[in-house]
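Visitor: Just lifted these from TrEMBL, have a look:
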type     : residues : note
DOMAIN   : 26-237   : domain 'Ion transport'
TRANSMEM : 27-46    : transmembrane segment
TRANSMEM : 58-79    : transmembrane segment
TRANSMEM : 91-117   : transmembrane segment
TRANSMEM : 129-147  : transmembrane segment
TRANSMEM : 153-174  : transmembrane segment
TRANSMEM : 186-213  : transmembrane segment
TRANSMEM : 219-238  : transmembrane segment
Amino acid sequence: MTARPTSELQQQFYDVIFGTESPTGKWFDIALIATILSSVLIIMLDSIEGLHLAYGDLFWRLEWIFTLLFTLEYMVRVWCSPNRKAYVLSVYGVVDLIAILPTYLALLFPVASSLLIVRLLRILRIFRVLRLVSFMSEANILAGALRRSTRKIVVFFSMMMVITVIFGCLIYVVEGPANGFNNIPVSIYWAIVTITTVGYGDIVPVTALGRAISATGMLIGYAIIAVPTGIITAELASGMRGAPRSNRNCAQCARAGHELDARYCKYCGTDLPSLSKTGNN
């Protein structure tokens, strides 16, 4: 049996903070996303020297406001969690802690001020919110498509590795150290940059044969870029066709297409009728 908060007040906070799709929970998620993005924006603006000199004090005050808000939220999460140790040690719990820890460390240990950049990891907390709202079903379909495509993608990248090594060895033999291709690993780096059509330009072939090899690699790159995309897209389409849905309509917005285990409407957050009332198995 799933553990539950021990008091009614804890249960109310748990329902809002931890994972319902109720209207109150949705508003909390929206406010949390806005706070996270605002905090990350302040951190990025503070890294600009001119803005730091002009508004450094303001940025620091705002940072402490965000840190205190995140600290309060973290404490409430720990308080209302039915299994506090499991939450604290979970991936989400660690990310929540990382969102607040660097600011306190920089205050206590000035030498740790370089850790403040770690605060940018707060943006990872958005994935917690996405986990709790209607994006979750689509995320599950995408994750399933990636899992089903793993073997094919591994085979594809193995072939790419072989092709890259062949092109690297060819260009090393043709161009050699005299033209910047000092060794085979450097030549393989050039092959990766060329086949992926990135083209940094730090190493370029000079001879006619080397340029021909380069052109061939670029053409092959354009041809193979679509392969993993096609593999994943096919699995994604298959997963979307096979995703089970119920025929329950929301009493508030009248929209259907909800997952079989959904308790709330993924569009407006209203309670859904039970499956037994709608005739679903």
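Cβ atoms are placed via backbone N, Cα and C, with glycine included.
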Visitor: Take the C-beta pairs under 8 A between the transmembrane segment (58-79) and each of 27-46, 153-174, 186-213, 219-238. Which stretch has the highest count?
Guide: 27-46
Visitor: Taking the transmembrane segment (186-213) as the reference, which of 27-46, 153-174, 219-238 gives the largest number of Cβ pairs under 8 angstroms?
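Guide: Answer is 153-174, with the largest number of Cβ pairs below 8 Å.
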Visitor: Limited to the domain 'Ion transport' (26-237), I'd like the whole-number average of pLDDT.
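Guide: A mean pLDDT of 84 is what the predicted model shows over the domain 'Ion transport' (26-237).
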